[in-house]
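Pulled from TrEMBL:
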type	residues	note
BINDING	Asp52, Asp54, Ser56, Phe58, Glu63	Ca(2+) 1 binding site
BINDING	Asp91, Asp93, Asp95, Glu102	Ca(2+) 2 binding site
DOMAIN	39-74	domain 'EF-hand'
Amino acid sequence: MALAGTLKEADITAALAACKAAESFKHKEFFAKVGLSAKSADDIKKAFGVIDQDQSGFIEEEELKLFLQNFSAGARALTDGETKAFLKAGDIDGDGMIGIDEFATMVKA
């Protein structure tokens with residue numbers, strides 16, 4: 001689990017349990033439950049680096065689909081609807097990707 005060093009195991013478990021059902025993922029609630037909203041800019045940057053699996057500097061739609069699996073290998077993939085809503089919420093400049101500043105804004109919102 002790549003983010004376990006930054007976040008508490010119990011918080012990760014609770015956040016994943018809260019969005020276990022398909023179409024139940026809400027990014028604002030998840031960021032708060034998992035404890036990422038309360039983390040420093042540096043910790044948010046580390047989390048972004050883990051989620052940006054291809055290290056392109058952006059989180060693309062395919063990486064968002066697998067977002068929950070960054071917190072626990074056994075977590076479900078996001079549905080297409082959840083993925084598109086997540087991307088729309090974070091993609092401030094409309095380029096179809098979420099950059100580090102957009103991610104930080106979304107986490108702190």
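Here the Cβ of each residue, glycine as well, is placed from N, Cα and C on the backbone.
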Please report the Cα separation of Asp52 (Ca(2+) 1 binding site) and Glu102 (Ca(2+) 2 binding site) in Å, rounded to an integer. 13
Work out how many Å separate Glu102 (Ca(2+) 2 binding site) and Ser56 (Ca(2+) 1 binding site) at their Cα atoms, rounded off. 15
What are the helix, strand and coil residue counts for the domain 'EF-hand' (39-74) according to DSSP? 20 helix, 2 strand, 14 coil
Sequence-remote partners of the domain 'EF-hand' (39-74) [C-beta within less than 8 Å, at least six residues beyond its ends]: 1-3, 6-7, 12-13, 15-16, 19, 25, 80, 83-84, 86-87, 90, 96-100, 103-104, 107-108
Within 10 Å of the Cβ of Glu102 (Ca(2+) 2 binding site), how many other Cβ atoms are there? 19
Find the shortest Cα-Cα separation between Asp91 (Ca(2+) 2 binding site) and the binding-site residues Asp54, Ser56, Phe58, Glu63, and name the residue that gives it. Phe58
Taking only the binding-site residues Asp54, Ser56, Phe58, Glu63, which one has a CA atom nearest to the CA atom of Asp93 (Ca(2+) 2 binding site)? Phe58
Sorry to bug you, but what's the C-alpha spacing from Asp95 (Ca(2+) 2 binding site) to Ser56 (Ca(2+) 1 binding site), rounded to the closest Å? 14
Give the number of CB atoms, excluding that of Asp52 (Ca(2+) 1 binding site) itself, located within 10 Å of its CB. 20
Minimum Cα separation from Asp95 (Ca(2+) 2 binding site), reported as the residue among binding-site residues Asp54, Phe58, Glu63 that achieves it: Phe58
Cβ within 8 angstroms of the Cβ centroid of Asp52, Asp54, Ser56, Phe58, Glu63: which residues besides those meet this for the Ca(2+) 1 site? Ile51, Gln53, Gln55, Gly57, Ile59, Glu60, Met97
Under 8 Å by Cβ from Glu63 (Ca(2+) 1 binding site), counting only residues of that chain that are 6 or more apart: Ile51, Asp52, Gln53, Asp54
So if I draw a 10 Å sphere around the Cβ of Asp95 (Ca(2+) 2 binding site), how many other Cβ atoms end up inside it? 10
